[in-house]
Amino acid sequence: MTAILERRESTSLWGRFCNWITSTENRLYIGWFGVLMIPTLLTATSVFIIAFIAAPPVDIDGIREPVSGSLLYGNNIISGAIIPTSAAIGLHFYPIWEAASVDEWLYNGGPYELIVLHFLLGVACYMGREWELSFRLGMRPWIAVAYSAPVAAATAVFLIYPIGQGSFSDGMPLGISGTFNFMIVFQAEHNILMHPFHMLGVAGVFGGSLFSAMHGSLVTSSLIRETTENESANAGYRFGQEEETYNIVAAHGYFGRLIFQYASFNNSRSLHFFLAAWPVVGIWFTALGISTMAFNLNGFNFNQSVVDSQGRVINTWADIINRANLGMEVMHERNAHNFPLDLAAVEVPSTNG
């Protein structure tokens, strides 16, 4: 009797594509989030490079005074930037096909919107891809949660702030000096240095740097030597080894005596959670602060808070900051308006005659 064995029907093309996309054996994991991440980030990066090199000047304030941002129009690496979309466009969605010509699209700063929207989609998908890969490998999801902090910060300055201010022209320019200009104008208009959420962000970033340096130096100083004196201590580590590579008891004892006992972690898991949570929470708060100041819920104002018995103002640092803010405000967009809002709101004295 002869048995006939039929070959199992091969998986469909779509099935093989799905298996390849979700395979953790690839050198670089793609994932379903990666299907959207790759084209959006490639688009944002390509347009950024081309525009940074060759984009013509942009009428950022909508007053027919174009501002140059590209290298071919007189800028260098420090001064160059992708100039934000014109105030004449406001918050309108402005793809190339909405303009009468490519020249008009470039003049009104269309590349900025294109780059920012693709970039935000891309980094959000990168965060989703981190979660997806963690899920496939049976890991916990906290890598994606930590990455949500810079994603929130980027979304705040590139999307939420322009929405609150009513125009993409108020978004952060994509360049070094453009970033500093954004920071200075933000301080002038919103007094961000006096906002508690910004203070928490400063503590998060500087504190995170301090804790990272402390942790790295403590671990490096308490390695368990597996090599001779003639070899680097780093050569004594084998990838995937089960043994501890450093003596946490020695590190705990050192730091506990340097400061005091309870300033030092004796639990490695608690320590690493703290190292991750401190900067992440700080940056979350800063992003939240930017998002509230976008709608003009600004930093604290203690101007002229201290007076003497005669009612005369005794200047404090709050008043110094206020004068600096006014100076910065009158300098920016100097041709777009005659006076900044603070000065324009002052009642004009009446004259007889």
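Cβ atoms are placed via backbone N, Cα and C, with glycine included.
Checking the ranges 86-101, 102-117, 118-133 against Swiss-Prot, the transmembrane segment annotation falls on 118-133.
Among His198, His215, the residue that Swiss-Prot places alongside Ser264, Phe265 at the quinone binding site is His215.
Remote same-chain partners of the transmembrane segment (118-133), defined as residues 6 or more beyond its termini with a Cβ less than 8 Å from a stretch Cβ, comprise 24, 29, 31-34, 36-37, 40-41, 43-44, 47, 141, 143-144, 147-148, 150-151, 154-155, 158-159. The stretch in 29-46, 142-156, 274-288 that contributes the largest number of Cβ pairs under 8 Å to the transmembrane segment (197-218) is 274-288. In this structure, of the binding-site residues Asp170, Glu189, Glu333, the smallest number of CB atoms within 10 A of the CB marks Glu333. Long-range neighbours of His190 (site 'Stabilizes free radical intermediate') (same chain, six or more residues apart, CB within less than 8 Å of its CB): Met293, Asn296, Asn298, Gly299. Close to His332 ([CaMn4O5] cluster binding site) in the fold, though at least 6 residues off in sequence, lie Asn181, Ile184, Val185, Ala188, each with a CB less than 8 Å from its CB.
Cα to Cα, His198 (chlorophyll a PD1 binding site) and Tyr161 (site 'Tyrosine radical intermediate') are separated by 15 Å. If you take the CA of Tyr161 (site 'Tyrosine radical intermediate') and look 10 A around it, the binding-site residues you hit from Asp170, Glu189, Glu333 are Asp170.
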